[in-house]
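The feature domain 'DUF112' is assigned by TrEMBL to A:19-445. For A:20-48, A:60-83, A:108-135, A:141-161, A:168-186, A:198-221, A:365-386, A:392-413, A:420-450, A:470-492, the entry in TrEMBL reads transmembrane segment.
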Amino acid sequence: MDISVILQAFQGALQPLMLLFIFTGVFFGIIAGCIPGFTFTMAIILAFPFTFGMEPVQGLALMIGIYIGGLSGGLISGTLLGIPGTPSSVVTTFDGYPMTKKGESARALGIGILSSVFGTFIGAIILFLLGPLVAKVSLLFGPWEIFSLIVFALTLVAGLSGASLSKGLLAGSLGLLIGTIGISPSGQVRFDFGIDQLASGFSPIPVLIGLFALSTLFINIEEIKQNMTKDGQDISILKQKVKIPYFQVIKDVYKEKWNVIRSSVIGCFVGCLPAAGAESANFISYDQAKKFSKEKNKYGEGHPGGIVASESSNNAVAGGAFIPTITLGIPGDVAQAVMIGALILHGITPGPGLFNTQPILVNSIYVAIFISGIAVLVLQTLLLPLLTRITLIPKTFLVPSILFLSTVGAFALNNRLFDIWIVFFFGIVGFLLYKINVPLSPVILGLILGPTLEAEMTRAFQMNSEISVFFTRPISLLFLILAVISFVVTIIQVRKQNKDKEQLNV
Amino acid sequence: MANRVFSIIVLAICSLFFIESMKFSEKSGVQTFAPSFFPRVILVFIAILSVFIVIKSFKQVDKEKLGLLIKHYVKEHYQVLAVIGIFFVYIGLISIIGFLWSSILFLFITFSLLRPIKRKALITNLTVAIVLPIGIQFVFQQLLNIYLP
């Protein structure tokens, strides 16, 4: 390993401007995380147009900051109000909110923040150690392996992201189909339906803004109404002064040190899987922490271990999610997909080879994650009083403002008004799909990976017209077998879930 | 029921794409695959899945009718539909009266729609609706060199 490259990355990251970007990112990430209904994914999408004018490393640093801040920020409203700020902090409420009820809100917040920071660090270390290894292996991949890998990734996402496998697969295929609009690998225009602007295909970003940001905003409008009717929740706690008992918190987290490490490792590996992000990582870690704990029955009633498990695992996801992104070009989640989009815009294509062509950039990612961890600690402890109030900003202001900002963002990408119409169209599509429980992340993954899938397939058959090669090359075969396994496992799981539900109903 | 309608719409879109793919189905000389090959594989896959979902939907008994559900939704959440409508008009207006004015209008109307109408609230609405687009336009044009229409 080349130490000088790492040092160069550190040198680059420690410049005032870079630090400013990272801290700004973390700050906005935390804010996005603490407002229930808004996620860091949306914040990263909104930040996207601002990265146009930056150096690739700077833009990436800003997005990494938002990512890490957002993964942690959900704990504030989760602990104080029992309403998770992001899906990834659902589990934090299990023990955080009971602690608040017992009058230990400051201690709970402190444990959450510190665990987040450790989770981030451990995730970054695993990325640092594993990333180069995976990258080395991925250099051996021919078109057959990449094709099989993408097939595996798509089946995995389809299975993990929803209750119904058929809908997940359908969503993924629809994404693939949208990806075929535009110019084919052989240079022919496909599916333009007579509309000139469609001839160059969809850029993933406006589709992504529409599917995710817009549909989430529409859903938020529904909730505004619901909140009006069910007013009267006790929010006085948000206005109280919180003072974190630092010594106590350090003692608590030290007592749970194995829990921190276990949960972070789980979080990191769950993060590696496409689309299985922080939302699943914290459930698995909580479950494991409870199994290993001596005080099992106290979990769920305000046990520090529960917060530690949840918060360290959801932040460790960041490190893990970067592994497939930078080594294989397969985004670990939607936030990663946006970051890939930002890199591609700067002419950098993530995937095998990135470690050789952009060693400093790759190392800057580790460094930026690390610094973001420190920023989370500093900003969240110092600004806690301010942050607890931010959850009070009325959504009636936020929803239209973010609608407006996403419009600007979509336009700024290519200076095309047509892109705003794409956002609008996919906003409605996303909203309708959400309503009938079709998961959205497979659509995005299909759209992003579709063109690669087709190109690699064509390349494979150009090199060798036999289809059997896909099954005789060991790594390719392995991915195909994994795809089948993930398919079968999902079917079994869905069956089991349905049975459990039926039993509950009886 | 919703699943059935959804699958049928997907099937309709599939056939539309399939008909469109006839336009470029020819394979020319050295090409490994016709440009229509890959999309057609996906289309067949989508069609199989949709049919599967339709068949499954007949096994489930619906408690409520889709029409009633939609009616109920429109009554309960008319604001969502209103915002979608206003957003549509907004995008159309951008190219006619420009980015700044249409954004101010859009923000003011949606704020007022979503918040209870009071005199004090209207003034805050107007202030935010004016400050935000001007601020964004400044940041984009001066700092990022991106010109908005």
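Note that Cβ sites are derived from N, Cα and C of the backbone, with glycine treated the same way.
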Long-range neighbours of the transmembrane segment (A:108-135), counting only residues six or more past its ends (CB under 8 A): 1, 68, 71-72, 75-76, 79-80, 92, 95-96, 99-100, 242, 244-246, 248-250, 252-253, 256, 260-261, 263-265, 267-268, 271, 302, 304, 307-308, 310-320, 322-324, 326-328, 352, 354-355, 362, 365-366, 369-370, 372-374, 376-377, 380-381, 384
Distant-in-sequence neighbours of the transmembrane segment (A:198-221), which means Cβ under 8 A and at least six residues beyond its ends: 37-39, 41-42, 45-46, 48, 178-179, 181-183, 189, 191-192, 334, 337-338, 341, 395, 398-399, 402-403, 406, 409-410, 413-414, 419-420, 422-431, 433-434, 440, 443-444, 447-448
Contact between the transmembrane segment (A:470-492) and the transmembrane segment (A:141-161) (3 or more Cβ pairs under 8 Å, separation 6+): yes
Touch test for the transmembrane segment (A:392-413) and the transmembrane segment (A:20-48), at least 3 Cβ pairs under 8 Å: yes
Averaged pLDDT, computed only over the residues in the domain 'DUF112' (A:19-445): 85
